[in-house]
Each structure stands twice: as structure tokens, then as C-alpha cells.
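Engineer: I'd like to ask you about the structure that follows.
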Amino acid sequence: MPLNRTLSMSSLPGLEDWEDEFDLENAVLFEVAWEVANKVGGIYTVLQTKAKVTGDEWGDNYFLVGPYTEQGVRTQVELLEAPTPALKRTLDSMNSKGCKVYFGRWLIEGGPLVVLLDVGASAWALERWKGELWDTCNIGVPWYDREANDAVLFGFLTTWFLGEFLAQSEEKPHVVAHFHEWLAGVGLCLCRARRLPVATIFTTHATLLGRYLCAGAVDFYNNLENFNVDKEAGERQIYHRYCMERAAAHCAHVFTTVSQITAIEAQHLLKRKPDIVTPNGLNVKKFSAMHEFQNLHAQSKARIQEFVRGHFYGHLDFNLDKTLYFFIAGRYEFSNKGADVFLEALARLNYLLRVNGSEQTVVAFFIMPARTNNFNVETLKGQAVRKQLWDTANTVKEKFGRKLYESLLVGSLPDMNKMLDKEDFTMMKRAIFATQRQSFPPVCTHNMLDDSSDPILTTIRRIGLFNSSADRVKVIFHPEFLSSTSPLLPVDYEEFVRGCHLGVFPSYYEPWGYTPAECTVMGIPSISTNLSGFGCFMEEHIADPSAYGIYILDRRFRSLDDSCSQLTSFLYSFCQQSRRQRIIQRNRTERLSDLLDWKYLGRYYMSARHMALSKAFPEHFTYEPNEADAAQGYRYPRPASVPPSPSLSRHSSPHQSEDEEDPRNGPLEEDGERYDEDEEAAKDRRNIRAPEWPRRASCTSSTSGSKRNSVDTATSSSLSTPSEPLSPTSSLGEERN
């Protein structure tokens, strides 16, 4: 089922800019979501990073609508007076009728204006509004589902606010209301039921039923067409939530999803084909290290190494300079996030490294928040021992240095037998004795509340990865979000990612996947799957993703065992790379950040808003989509500088020199010439394929007149890439060649 986008990103370096043709002077955008200034999940990141781009387009006519939370307002919002008379009258009217509505500025980049609705203060109207929802939409909400009840309150308050704003506006604006996820979907349904003159958009970032089915060990993607959705939702006691989500999808003027894979899922589960796919982006400037990300990687890796020294005290029998750091992070959904596949692949990798006598060691981190009651005592002790050893070494070093200085000052060579006295040797022996431990280093850094049934810990027991000296793969489960104030691993998430070598995200259900995207913009290679939105997006736009450090694991057309074997192959091949090859690969990975910038991906949202305006106000706006063939898009070519496969890339000399491994000097090519990052970056960017089609979406406004420009066709440089761009995978059901 091909699902072409109605707008292409045509402004990557070397391509023409796409100009906005709509007159938005008398248009207002309200973006409604439960995670406005309220961090719960990934939608918070979407709104936070997209705010600046949307604000640049809409200016002061852009508002975010979300729930009022005391914690969120205290730490993220500056309360202000309403900037316009119409908005002030709207807030005053609602507050005078028993609601509590707050207005302010979200303290993030772009500083968007926010309207916060106090859901708890309106609980007095819950039963009446639930009755109205039943009469209007035939959706009943049980009393015990607090989240669904909050969705009802939030939806009615949002509709009340939009209706009041339209009533209080002297010059009736063209209002666009963009609703994210089912928690905000009730408001969309009510806007259509009450016939408010509002252009509505509904974006689902993941379907409710899809997430529940995948978590239940169901062969989800092979049975999408066969599910009895009402029966499945009812058995999982989420039928009322499913009805809210499905109603919002059908009521919206424009329905969007975040990825091609989720679009197919939504068509079968929600019974509506999305109008457009709106991929998630990132604020790339935030992660830009100005060509210093290699140095930042080294600095962050040193912080991780300090933790490893303490965690493995007494068993630090591996070379930290030959140690790679892998990690998986995200919501603790054991099978959905692919932690089961990752653990199995680590066990197989451990076997391969041992039987092949590899000197490489892998430390795999699992950063997934779970229920804990405290830090593990052994883990805390390890960091304390490490700090004590450091203090002891510094004390001895100072005494040694002072005696050496005094000896040289009088013009004689020091007597090495007198440099350290008996007290110094006693101190060092005590330090060595403190590093002795009988048990293996702990697998988990915290005390788990359900240790016996925790899926990660039970799997580790089954595969036998206990951090023994014989293991080449070590496992560390950190069941808590990373923080720079932690007494164990005092780094924030961004710094931790920069210090690792590879992010592993073998997800079975991942509508988009921000974690591999964040790795990409920070120049860290990652493993994703062809069942994640990010993985499909990269396969579509990159001719050879693995050459750029984006490994795509096949979890669609392979069995679970075959997927584990493929992941093991990826991991083992990565371990075989030299430091030089990893540096080159990180340079290429960071170069892909342009693909994920909201500056370009935000245009999908722009297209969705234009489509909604043309459907809601056809007398004022027209939208003429010009669908292009999927194969006419652009693709990053395969890099021509160095073969991406470690097995095909050899050193120019039997042993690497220190100069060769220094990232500041740049790695050497096969012919001995220095690898130039800037030159390679320019070469790759020159060879981005230009689209050979007229602009896909042509929008006109009756108020501003019609103006249509076609994108000039650009020619790409001739590299050793295929003469014709490869077409992206159009459907999950199609076999790949």
C-alpha cells in the first residue's frame, strides 16, 4: 500500500527553498496536546523542538493549548497577560464561569505562547459532559478510568475555549486546531459536532490498539488486515479509548501519522488512510558541536569510563582502551523496544568474541526506568572505592613529586629506594586490598522491587551474562533516567549518548523512534529496524544507510531467531572496526543531521495545515496536491571515500600509529592520505539527488492571489552511485529484492 507524501523536503543543502504561499495574516493556529509543558513521553519532545519553526511561520498567531500542572508551570512557564483583546475576553469569560484558564510563555527555544486549562478545577462538570459525549458521539467512559476522564474534561474545555475565542473575535479569523493523540481527540470531535468554523488536524503518534497488541506477543504486522478491532479493544478494556481515537481520526479534516509504518497501521486499525505523513524532527542546532563532536565524544567517553572503573573494581581485567559502549534507552517495554532481541544478540556476541580470542570488550547499558527502592549497595561501594583509590594515588604522587623535585634541585639523581617510605607502601597495599571482591560486579545499579519477575533480569539469568571475568560482554541495567546529579553515573542523557559508540534499538513497535534520531544528530551510529518509523525513513532517503552508521535490522521479513542472528552480525562487525573506521563512520553519521532538522521536516506539518484550511474554508483557500512518483525523490548516495564494510577496509601499515588514531589529526585513507572531514562532507552534500518534479503541493489564497513557482531541476554530480534512485519500500506486504 504505497502512501505518497503530498510534500517533499526540497530544501536540503543544494536544493531550492519551498516558499509559503498562504496569507496567514488572518489565520490563527492552536496546537492542542496533553504534553504541552507537561513531560510524559515523546510528544513533549515533538512539541518542544518544533515550536521555533512553527513560531517562525505563524508569529504571534501561534498558540499551544495544554493542561495546567503546578509542577510544569513552576519550572517551565512564565505566566503573562493575554496579548490581544479577543484572547483576554475569552480567558475572562471562561474564568468567570467556573473554569481556571492560565496564559503564559513556554520557556523553551522559540518561546511559544501557551493556554493552560486546569482540568481538575472543572471536575464538577464531568458527569454532565460525559453524558453529552454519549448523546453526541455514543462514547461511554467508565468512572474508574482516570486518564479517559481527564481526556473528556480536557476535550470539553478545549472546545469551550475555541468556541469562546471565535465568539469574542471581532474579525473572524481562520482558525486551525491541530490535535495530537487520543487524549486531545475529544475536543476535535466536539468541534465538528458543534460545527465550529475550525480547520481540524489529528495526528496520531502511535495507535492505542497497536501498542497493546504488540506488547501481547501477537504477530502484529502479518495480521493487520485480520484483526477484529472492536473485539481486541474490548478484551483489553480500552474500547472507550479506542473509540475516542478512531472518532478523532474520522472527524478531522486532515489525518496524519508520524511515519509510513504507522500510516499502514492506522489505515487498518482506525479505518482511515492518513492524508499525509508528518515525520518527527529535531532541533539540530541544539546538538551541533561545530565540528568538535569527535572531541566531545572523547570527553563524554572518559566520564563513562570513570563509572566503569568503579563498577567493575576488583574485576577490571579488561583494557578500557579496547572497550566499546553500546546502549539501549527508552520506555520499559521489554518486547516492543526490542530489549529481548538485544539481550539474545549480546549472548551470541559474547560467544563469538570468546571463541575468536578477541581482545575487544563490550559494555552494554540498558537505560530503562523501572520500579526501584534505592541504589544497589555494591554499586555505591564501587564508586566510593574508585574515589578512594584516586585520592590515595594523588597523595602518593604528591609525596613522590616533592622528593623528586628536592633531589633534582640539589643536582643529584634520586635514590628510587628512598622515594617512597614504609607508610606509603602500607597505604598502597590497603588500597589494593580494598579492591578485592568475591562476587561479580552487579548487573543492576539499583534494587528492583520485582527482582524475581523483572524481564531484563530474568533474561540475563537465562543467558548467563553475569559480568564474569571470562565474559567479553558486560551488562549494566540502569533502571532510572540519567541525571548529572546522580551519585553513580553523573551525566545527563545527551552527554551519555555522545560518549557511547553505538545505540541499539531493535524495536518491534516504534512508530517513529527519537532515540536513534538523537544518536544520528550527535554523530553516534545506531541500529534501528524496518518496523520503526525512523528506520523506514532512513531506508527511503539513504542509498546505503549502513555506510552512514545507520544499520537497519530486518524484523519484518525474518523470524525472531534470524533477526537475532542479523543483529549479532551487526554488533560483531562493529566490534571488528578499527578506531579509524569508527571515526570516519561517526563523521558520516553526523552529516545526516540535515535530514532530521525541523527546518525541513516542518514542511510536512505546513502542508497538512494548508490542506486543512482548504477543506474547512474552500472559498478562501485552495490546495492542489500534485502527487509525484515515489522514485523521483532524492536519496543520499553511498559515500565513495572508504568502503563501509570493516572486512574490506585494511590499514596501510600492520600497526596503527598514535598519530593515525588521533581524531584531531583525522584518520588516514587507504593510500596513506589524510581523511578530510570537511572535504568529505562537501562531497556528500553536493551529491544529494535533486528532485526532478514540479512542486508537489500548490497552494493559493484568494486573499493574497495565486502565485505558483516550480522548483528548478538540479543536476547531481556523478559519483559511483546507481544511475537511477532506488524507490523506497512502498508497503510492508511487498517482498524486497
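Note that Cβ sites are derived from N, Cα and C of the backbone, with glycine treated the same way.
So Swiss-Prot says this about it:
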- Ser8: phosphoserine (MOD_RES)
- Ser11: phosphoserine (MOD_RES)
- His205, Arg211, Arg331, Glu510, Trp512, Gly513: UDP-alpha-D-glucose binding site (BINDING)
- His291, Glu292, Gln294, His297, Lys301, His501, Arg582, Arg586: alpha-D-glucose 6-phosphate binding site (BINDING)
- Ser412: phosphoserine (MOD_RES)
- 634-737: region 'Disordered' (REGION)
- Ser641: phosphoserine (MOD_RES)
- Ser645: phosphoserine (MOD_RES)
- Ser653: phosphoserine (MOD_RES)
- Ser657: phosphoserine (MOD_RES)
- 682-695: compositional bias 'Basic and acidic residues' (COMPBIAS)
- Ser698: phosphoserine (MOD_RES)
- 698-714: compositional bias 'Polar residues' (COMPBIAS)
- Thr700: phosphothreonine (MOD_RES)
- Ser710: phosphoserine (MOD_RES)
- 715-737: compositional bias 'Low complexity' (COMPBIAS)
- Thr721: phosphothreonine (MOD_RES)
- Ser727: phosphoserine (MOD_RES)
Engineer: How big is the gap, in Å, between the Cα of Glu292 (alpha-D-glucose 6-phosphate binding site) and that of Arg331 (UDP-alpha-D-glucose binding site), rounded to a whole number?
Structural biologist: 30
Engineer: Whole-number answer please: how many Å between the C-alpha atoms of Arg586 (alpha-D-glucose 6-phosphate binding site) and Trp512 (UDP-alpha-D-glucose binding site)?
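Structural biologist: About 22 Å separates the two Cα atoms.
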Engineer: List the Cα distance (Å, whole number) between His297 (alpha-D-glucose 6-phosphate binding site) and Trp512 (UDP-alpha-D-glucose binding site).
Structural biologist: 25
Engineer: For Glu510 (UDP-alpha-D-glucose binding site), name the DSSP secondary structure in the helix/strand/coil scheme.
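Structural biologist: It is in a strand.
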Engineer: I need the CA-to-CA distance for Lys301 (alpha-D-glucose 6-phosphate binding site) versus Gly513 (UDP-alpha-D-glucose binding site), whole Å please.
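Structural biologist: Here the two Cα atoms lie 24 Å apart.
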Engineer: How many other Cβ atoms are found within 10 Å of the Cβ atom of Trp512 (UDP-alpha-D-glucose binding site), counting all protein chains shown?
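Structural biologist: Within a 10 Å radius of the Cβ of Trp512 (UDP-alpha-D-glucose binding site) lie 26 other Cβ atoms.
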Engineer: Starting from the Cβ of His205 (UDP-alpha-D-glucose binding site), draw a 10 Å sphere and report how many other Cβ atoms land inside it.
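Structural biologist: The answer is 23.
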Engineer: So how many other Cβ atoms are close to Arg211 (UDP-alpha-D-glucose binding site), meaning within 10 Å of its Cβ?
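Structural biologist: There are 18 of them.
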Engineer: When the Cα-Cα distance from Glu510 (UDP-alpha-D-glucose binding site) is computed for each of the recorded positions Gln294, Ser412, Arg582, which gives the smallest value?
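Structural biologist: Result for Glu510 (UDP-alpha-D-glucose binding site): the nearest of the recorded positions is Arg582.
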Engineer: Inside 10 Å of the Cβ of Arg582 (alpha-D-glucose 6-phosphate binding site), count up the other Cβ atoms and send me the figure.
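Structural biologist: Its Cβ shell of radius 10 Å holds 20 other Cβ atoms.
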Engineer: Could you measure the widest C-alpha to C-alpha distance across His205, Arg211, Arg331, Glu510, Trp512, Gly513, the residues recorded as binding UDP-alpha-D-glucose, and give it to a whole number of angstrom?
Structural biologist: 15
Engineer: Quick check: of the binding-site residues listed here (His205, Arg211, Gln294, Trp512), which one has the Cα closest to that of Ser412 (phosphoserine)?
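Structural biologist: Smallest Cα separation from Ser412 (phosphoserine) among His205, Arg211, Gln294, Trp512: Gln294.
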Engineer: Whose Cβ lies within 8 Å of the mean position of the Cβ atoms of His205, Arg211, Arg331, Glu510, Trp512, Gly513, the UDP-alpha-D-glucose site, other than those residues?
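Structural biologist: The surrounding set, listed in chain order, is Gly42, Ala206, Ser507, Tyr509, Pro511, Tyr514, Ser532, Gly533.
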Engineer: Please work out which residue of Gln294, Ser412 has the most C-beta neighbours within 10 angstroms of its C-beta, and give that one of the recorded positions.
Structural biologist: Gln294
Engineer: Glu292, Glu510: which of these binding-site residues has the sparsest Cβ neighbourhood within 10 Å?
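Structural biologist: Across Glu292, Glu510, these binding-site residues, the one with fewest Cβ atoms within 10 Å is Glu292.
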Engineer: Tell me the Cβ neighbour count for Gly513 (UDP-alpha-D-glucose binding site), meaning other Cβ atoms within 10 Å of its Cβ, over all protein chains shown.
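Structural biologist: Cβ-Cβ neighbours of Gly513 (UDP-alpha-D-glucose binding site) within 10 Å number 28.
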